[in-house]
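Peer 1: So that we are looking at the same thing, I have put the structure below in structure tokens.
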Protein chains: 2
Amino acid sequence: MRGIVTFYLTYLLCLMLGITCVALVAHWNYSYRGGFAWDGSVKQFNWHPVFMVTGMVVLYGNAAVLYRIPLTWGHNKLPWKLLHAGLLLLSFVLSVIGLCAVFDYHNANHTANLYSLHSWVGICTTALFTAQWVMGFTAFLLPCTPMTARALVKPAHVWMGGIILVLGIVSCISGINEKLFFALKGNTNGTLPYSALPPEAITANALGVIIVAFGLVVLKILSNQIWQRPEPGYEEGVYQPLGYDGS
Amino acid sequence: MRGIVTFYLTYLLCLMLGITCVALVAHWNYSYRGGFAWDGSVKQFNWHPVFMVTGMVVLYGNAAVLYRIPLTWGHNKLPWKLLHAGLLLLSFVLSVIGLCAVFDYHNANHTANLYSLHSWVGICTTALFTAQWVMGFTAFLLPCTPMTARALVKPAHVWMGGIILVLGIVSCISGINEKLFFALKGNTNGTLPYSALPPEAITANALGVIIVAFGLVVLKILSNQIWQRPEPGYEEGVYQPLGYDGS
């Protein structure tokens, strides 16, 4: 009982941090960066952080902890599997739109693509996410996949799930940091430089810190063994930990 | 037996990636950034990435996986505890020297400290590392701490250990990315811009990718339950996983 109360308090924190991330990234780009458009201008670039933070971090993190919600344990697993896969597909689609926003903006302005370390880590994260979704679909949703194969793939699937979240956070923090150095040069357009910590810098730095906090709460939920969905075939109360490779 | 061979192959990979990180960060700052000094010039700043990558990531990661080496399992744990604490203290001292290098450089050049998101995440990482070391020393090395308290603190200590490594990597990637945008502006001093991917950009981007790879190998070693040091009081072959909070 105490474990369930602690779970829901932690889950509430996770939801609140996630909503704050989405609100802050939208507020930053709407109020300080000039808002949104899809016209090759910097307003198109502004979709990039919004879609990446919302898709690759917040929606992804929420999809990852879905099976940990005790409310879902009493039911057939299939609808929750479909919701898990569906949320991650939506997270993937949002991430791809976020990537299109920046590639399109670069191409329209004859700027090179994929040269910064941020972009290298980001594109590797997206590639891993794609592979993870396809592997997950093949292993856990195709009815022809034998149970033995599922059991074999599961620890790697769960471990990779956590790692992709970590890489998504690395990408977001390096990207927000880079954008603030680009945007807040000071003097040229009447804005204060980044080093003077104007309100925009505080807002976007706070967004970065809250993204990290959200990621840590998700990783904490994933790593706590007693919050894992009880699977048939194990002794009551002794669930096989999914967060490590016990092979 | 197969598990031990796989461990040593993974550990060898961990060592090789760690040595490559130290060599690359030193090579980048020596060959492309003008080398090292402690005179308030940019040559003093160059110590910052070298000490942070070597201390906060490579030495830290190696100290974290120390107990996983099967060679150490047959012996009394105390010398290994002292080596674990000693390596982490050295890692902490190197990190503090790395921070002194950048604070001193900023102060000598009348530049603000601690305004970027990179610096916010970095300073939080160092604060957590300090708290973790003091807590670890108090709980596991002071003879007066009761065994029950040690058992209580251990899962949190192991979990925080992994999280601090993740935060260290977030700090390094955002810092290398930031430095490359600062240094490779192109034209001003005859260098190509970052977007043209000159050899320096390839070197430092590769350093970033190898830091991430090193971190993933360390996290993989930490998460594998059968690579954990067998502790007395548990059934043979069924070791309490340390990588999750089983409370």
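The backbone N, Cα and C atoms fix where each Cβ goes, glycine too.
Pasting the relevant annotations from TrEMBL:
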type: DOMAIN; residues: B:13-223; note: domain 'Cytochrome b561'
type: TRANSMEM; residues: B:7-30; note: transmembrane segment
type: TRANSMEM; residues: B:50-70; note: transmembrane segment
type: TRANSMEM; residues: B:82-105; note: transmembrane segment
type: TRANSMEM; residues: B:117-144; note: transmembrane segment
type: TRANSMEM; residues: B:156-176; note: transmembrane segment
type: TRANSMEM; residues: B:202-222; note: transmembrane segment
Peer 1: For the transmembrane segment (B:7-30), which stretch among B:117-144, B:156-176, B:202-222 has the most Cβ pairs under 8 A?
Peer 2: B:202-222
Peer 1: Among B:50-70, B:82-105, B:117-144, B:202-222, which stretch has the highest count of C-beta pairs below 8 Å with the transmembrane segment (B:156-176)?
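Peer 2: Answer, by Cβ pair count: B:117-144.
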Peer 1: Among the recorded stretches B:50-70, B:117-144, B:202-222, which has the greatest number of Cβ pairs closer than 8 Å to the transmembrane segment (B:82-105)?
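Peer 2: Looking at each of B:50-70, B:117-144, B:202-222 in turn, the most contacts to the transmembrane segment (B:82-105) are made by B:50-70.
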Peer 1: Counting only pairs 6 or more apart in sequence, are there at least 3 Cβ pairs under 8 Å between the transmembrane segment (B:117-144) and the transmembrane segment (B:50-70)?
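Peer 2: Taking Cβ pairs at least 6 residues apart, the transmembrane segment (B:50-70) and the transmembrane segment (B:117-144) are in contact, with 3 or more under 8 Å.
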Peer 1: Quick test of the contact rule: Cβ under 8 Å, at least six residues beyond the ends. What residues does that give for the transmembrane segment (B:202-222)?
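Peer 2: Residues packing against the transmembrane segment (B:202-222) from afar: 7, 10-11, 13-14, 17-18, 20-21, 24-25, 27-28, 32, 53, 57-58, 61, 64-65, 68, 158, 161-162, 165-166, 168-169, 172-173, 176-177, 179-180, 243.
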